[in-house]
Amino acid sequence: ATSAALCGSLLTRQVADKLQRHVKFFALFLLVWWSAGAVVTTFEAPYETSYANGYFSCWAGVAASALLVESSWGFAVSDTASLTKASEVAGGAPPEVLVLCAASLITLIAAMMDCAEVACSGLVRWAIACAGASLGACFLVLFYTIRGGWITGGALISWVSIILCVWWVFGTGCMTFANPFVHLGNGYFASWVALVSACLLAVNNVEAVRSRVEDLGNSGKELGAVILASAVLLAQATWDCVGGEGCDGGRMWAVFSSTASLLLCIAIAVFFGKIQKYFRWIVVGLLLWWCIGVVVMTFHWPYVRTGNGYFACWCACGASGRLLVQHFPQLNGYADLGSWQAPAAGASHPDASTAEEEGKQPPASAPEPEALPKIVIGAEDGGGVPPTIMGSPFSDSTM
């Protein structure tokens, strides 16, 4: 209500004119105000376990305030280069470490809030330990990077990347499949961001994985996303079957479709050189496969509500669609709608307009006549002498 009143007052000219000189501090106040509000309302109450309008409105207010600060202060908040700048400030630490550090902190806060207000069970303690250990590891990486920069290359960062990736595979699996972040909320999203950041850190710093991704070319990231989504869906469907919810037809289809997709993508990554000329048609089949899976599992059963299975289906389908666009250049115009421009109203076919313009061009002009001989009057006789025709046989000597 306070934010709405303040922003609404800017619609009046008098208030807007008076506030113009202080717009930087007004934007900064809104950012601090919404940050504090989002922390209280989404970590404690009333939107700590809700993913309805109130939850997303809080974080939308934070994002809008950050954009206002960016425009008024000249900061690069929304630019992707800002993460690179932050990495440079941190002594060259990988950007994935910075994101992992922030995600670990949010996960730790959410787990501690659950422990204090709901119940401090074994899995909640594990969430606290997982996020706390990850946060400590990130701080160590940042500290040693700032001190000397030796962590940014070599075998050490490879081992750190592998350990963090495996650590968050178990951490996110326990937190989002069992407890305490089964439902959407800050802890749920932060734990998945941490896992993705750890995986990207491993992909970029483990030589064996990086070389394999480079061999796949532009398809490496999308294929990795399909592999991750297939593994998540397989784990969720298996967990539901074993957990006593029943292994009905929908969950059996989830197990079958995710297993087939996972094996296919792994085979593509291993034998990409041999099947490269058929890869575009494999991508078509993969997209159709996941379109069928999305229709069956998210519209009918069993993942019609948001959760690991729901997001896994849509992520796999979206990554498959991205692969299709990459390998069929004819679809680039449909995918990149931001650069598409509609023809102006009344515009005709280019050939017709060209012909019309050619028809409107004036006809070629006739060659200009030769210049007439220049007549010069003798000045020494006051202009009374006969004219001398320059370039003419009639000169003064012949007169």
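Glycine residues also receive a Cβ, built from the backbone N, Cα and C atoms like all the rest.
Note that TrEMBL annotation is computational and uncurated.
In TrEMBL this protein carries:
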- 344-399: region 'Disordered' (REGION)
- 25-43: transmembrane segment (TRANSMEM)
- 55-77: transmembrane segment (TRANSMEM)
- 97-116: transmembrane segment (TRANSMEM)
- 123-144: transmembrane segment (TRANSMEM)
- 150-170: transmembrane segment (TRANSMEM)
- 182-203: transmembrane segment (TRANSMEM)
- 223-242: transmembrane segment (TRANSMEM)
- 254-272: transmembrane segment (TRANSMEM)
- 278-299: transmembrane segment (TRANSMEM)
Remote residues contacting the transmembrane segment (97-116) - C-beta distance under 8 A, at least 6 residues beyond either end | 43-44, 48, 83, 86-87, 90, 124-125, 127-128, 130-132, 134-135, 138-139, 141-142, 164, 175, 180-181, 185-187, 190-191, 193-194, 197-198, 201
What residues in the same chain, six or more past the boundaries of the transmembrane segment (254-272), come closer than 8 Å to it by Cβ-Cβ distance?
-> 212, 215-216, 223, 226-227, 230-231, 233-234, 236-238, 241, 247, 279, 282, 286, 289-290, 292-293, 297, 302-303, 309, 312, 316
Among 123-144, 182-203, 223-242, 278-299, the stretch with the most Cβ pairs under 8 Å to the transmembrane segment (25-43) is 182-203
Going along the chain, which residues at least six beyond the ends of the transmembrane segment (223-242) come within the CB cut-off of under 8 Å?
-> 173, 177, 196, 199, 203, 213, 216, 251, 254-255, 257-259, 261-262, 265-266, 268-269, 286, 290, 302-303, 307-309, 311-313, 315-316, 319-320, 323
Under an 8 Å Cβ to Cβ limit, what residues of the same chain, 6 or more beyond the ends of the transmembrane segment (182-203), are close to it?
-> 42-43, 48-51, 55, 94, 96-97, 99-100, 103-104, 106-107, 109-111, 114, 127, 131, 134, 161-162, 164-165, 167-169, 171-172, 175-176, 209-210, 213, 224, 228, 306-307
